[in-house]
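Annotation comment: TrEMBL describes 40-58, 70-87, 99-119, 184-206, 212-232, 281-298, 313-331, 352-370, 382-403 as transmembrane segment.
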Amino acid sequence: MIQKSSKAAVFDSATISENFDAINEKRVDDINLDIFYKPHTITLLAVSIAAVIYSAFVRDENNINDNLKAGSYCVIFFFLIISILAFPNGPFIRPHPAVWRMVFGLSVLYLVCLLFLLFQNYKTVMEIIYWIDPELRTFHIDSDKEYGVNCSDISIEKIWYHLDVFALAHFTGWMLKAILIRHLGILWAISCMWEVTEIAFAHLLPNFVECWWDALILDILVCNGLGIWVGLKICKTLEMREYKWVSIRDIQSTTGKIKRAVLQFTPGSWTHVRWLDPKCTYMRFFALCQLVVFWQISELNTFFLKHIFEMPPAHFLVVGRLGLIGLIVAPSVRQYYTYATNPKCKRVGTQCWVYGAIMTTEAILCIKNGKELFERTQAINIIIWLLIQLLISISCVYGCVLWHRYFQKNNENGHNAKNNSSHQKLNNNPSYEFVTSDDECDVAPKDSPVSNTLKKRFNSNIDSEKYNRN
């Protein structure tokens, strides 16, 4: 008995480790060109040192600002090199694991910078920002500008005028969110709750004030709705696609080689996401509510950082941060999904952990440096916002559970009807047999290759279940 329990403990430990490695250190199975996957550490070190020596001795050192920027670039460069050598792949391996190692390295570097800024006063932080871009000294947020005026004056021309580059960015952002989350109910909950968030924080951020038609028509229906629809259509297409990759060395034509090289930047496989099921546990329920609320906080950080540290919406620091956060969120959501839905995965992924630290540090940085702004906070608005967030999150998640439970019941009824028809087929045709196990069944000709294959598969499943029970 002791021996069996020890074997089970070893088996469970190995299973947990495998599930964590699948999201934190995914391995590359289909290697096409060995040269891109073999370690080249000595070569990389030699090239890096040569580049640093050349830059250090050749460049002009008379300007102190240029020297500081060059030193910062060199630190970032070497940190990314170390990221390629030491950091985990994460859950993605396309186009190459090194890309996602660098994304993880950039996320760690960004977190370190945020922690450094957290221990500076507001004036010092602004001086650092002015050192990065001196033109920001002349830019200031226009607090007197009015938003959401003349809402009764609505026309097609006025709506069309608001469809600018920011509307396109809004649509693209929601399309990417749909590709990441892949759940219609959760996406619409986040979309509707963001409009509630804008109303609750409009007294702090004037640009959150919108006309009703801007919020309902342009935001929810056009940008959010179309973005969600297009994103889920892309997911559906990728789910139905058959992923059979051929090595580029086995392709003879030049066109085929080029096509295969381009396809390297597409997903190697596509996992069907199922955030909720009818037997959803309380912890999984809580994890989904947490995802919805955290997404709102992450979105709020974008606007508060831009407002408190006074940057225009199209500034390269704002756009660069959004791009970096988008890259970080992709593996983070995948790791969080596995942690929330797979009971054998007991640890959250490293990239997800770092992103949680980034989101929290950004929020603390905003609160610390925006004291004057948050002194005007209307407590009743925030309390109502929190209650609505909680209510909609729970309602959305619970509604999705009921929805999945309803469809599972219909599927089970259809499955039973199929089984009855299969039994009827057996009664009418004695040359067929009914092959079944605990959770699978099928009909096949007696003693045929199909029947024998099904029997072997069912028997192997039963044997593996017995081993797991032992």
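Each Cβ is built from the backbone N, Cα and C atoms, and glycine gets one as well.
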Handout entry: Segment proximity, the transmembrane segment (281-298) to the transmembrane segment (352-370), 3 or more C-beta pairs under 8 Å
Key = yes
Exercise for the section: Give residue numbers and ranges for long-range contacts of the transmembrane segment (99-119): same chain, 6 or more residues beyond its ends, CB-CB under 8 A. Expected result: 76, 79-80, 82-84, 87-90, 92-93, 125, 128, 324, 327-328, 331, 350-351, 354-355, 357-358, 361-362, 364-365, 368
Problem - Leading stretch by Cβ pairs under 8 Å, where the reference is the transmembrane segment (382-403) and the options are 70-87, 184-206, 313-331 - result: 184-206
Problem - Stretch-level contact, the transmembrane segment (212-232) and the transmembrane segment (281-298), CB cutoff 8 A, at least 3 pairs - result: no
Fill in the blank from the handout: Quick tally over 70-87, 184-206, 281-298, 313-331 of CB pairs under 8 Å to the transmembrane segment (40-58) gives the top stretch as 70-87
Problem - Intrachain residues whose Cβ lies under 8 Å of the transmembrane segment (313-331), provided they are six or more past its termini - result: 90-92, 100, 103-104, 106-107, 110, 129, 132-133, 136, 166, 176, 180, 298, 302, 305-306, 349, 351-352, 354-355, 358
